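What Swiss-Prot annotates here:
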type	residues	note
MOD_RES	Gly2	N-acetylglycine
MOD_RES	Lys5	N6-acetyllysine
MOD_RES	Lys48	N6-acetyllysine
MOD_RES	Ser185	phosphoserine
CROSSLNK	Lys220	SUMO2 cross-link
CROSSLNK	Lys220	SUMO1 cross-link
MOD_RES	Lys220	N6-acetyllysine
MOD_RES	Thr232	phosphothreonine
MOD_RES	Ser272	phosphoserine
Amino acid sequence: MGFVKVVKNKAYFKRYQVKFRRRREGKTDYYARKRLVIQDKNKYNTPKYRMIVRVTNRDIICQIAYARIEGDMIVCAAYAHKLPKYGVKVGLTNYAAAYCTGLLLARRLLNRFGMDKIYEGQVEVTGDEYNVESIDGQPGAFTCYLDAGLARTTTGNKVFGALKGAVDGGLSIPHSTKRFPGYDSESKEFNAEVHRKHIMGQNVADYMRYLMEEDEDAYKKQFSQYIKNSVTPDMMEEMYKKAHAAIRENPVYEKKPKKEVKKKRWNRPKMSLAQKKDRVAQKKASFLRAQERAAES
């Protein structure tokens, strides 16, 4: 079919329909959302859960949500900016941090539903493929589906780091190893050791060592926060191991106590009826006294 110029006449503008607001803003892929949200018709009121992963400049957001007419309902959430509590104070947007955030989300969710002792997940990090299976006589494994949003789902994307963390944490999420670091598209083989290195932050540690040898100034600029927090390349693996253990030990979100704000009054409060009557009586008495003094003088 050849090129056809769109004639923007009166009929075009009269029949024009704007796209959904979030499509206009470039925030939602409705083609993908439709397939992630619509539940099987034989499951009736059962929600279809999604694991939402969003990577920002300074944070990684992981949420478990399901769709309702009123809007998406968030069941549980975990954020990378909460990782300093577990000992990870630097590199909060790298692959290792994404894994930790996914792990925190999974353990927090299972703890909320009382399933954390039933589904421990994979405690020792190997980087290899692992799938959670339901245990007979126990509640079924919590199943959800990855929602990567508008992120480009290339091999090694941090979104899949969060996915791996959630799966190792005990959630059942359909996936394959094709998008994990360590998968070779030419040989069609997956190297679990390469994936484990990324989970343990060894790719960052190797780059730190390289910069320390090659360019000291670039190292100080690139890893200023690591230097400030005294994090060396040799400490990285142990730091993440301790973080994984700490997350499993206490994944519960602690609510901050509400600050009591003392209300300030900037205008005078209204007087009650009794106060108004009393004020009038005082003014009358004052006026009468003034009249009496004037008469005496």
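Every residue gets a Cβ built from N, Cα and C, even glycine.
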- Note on the structure: Integer Å value for the Cα distance linking the residue listed as 'N-acetylglycine' with Ser272 (phosphoserine) is 82
- Item | Set of same-chain residues at least 6 away whose C-beta sits under 8 angstroms from Lys48 (N6-acetyllysine) | Leu36, Val37, Ile38, Gln39, Tyr66, Ala67, Tyr145
- Around the residue listed as 'SUMO2 cross-link', which residues of its chain at least 6 apart sit with Cβ under 8 Å of its Cβ? Ile227
- Task: Taking Cα atoms as reference points, rank the modified residues Lys5, Thr232, Ser272 by distance from Ser185 (phosphoserine) and give the first.
- Result: Thr232
- Task: State the Cα to Cα distance, in Å, between Thr232 (phosphothreonine) and Lys5 (N6-acetyllysine), rounded to an integer.
- Result: 61
- Item | Cβ neighbour count within 10 Å of Ser185 (phosphoserine) | 8
- Comparing local Cβ density (other Cβ atoms within 10 Å) for the modified residues Thr232, Ser272 points to Thr232
- According to DSSP, which of helix, strand or coil covers Lys220 (SUMO2 cross-link)? helix
- Spacing of the two Cα atoms, Ser272 (phosphoserine) and Lys5 (N6-acetyllysine), in whole angstrom, works out to 75
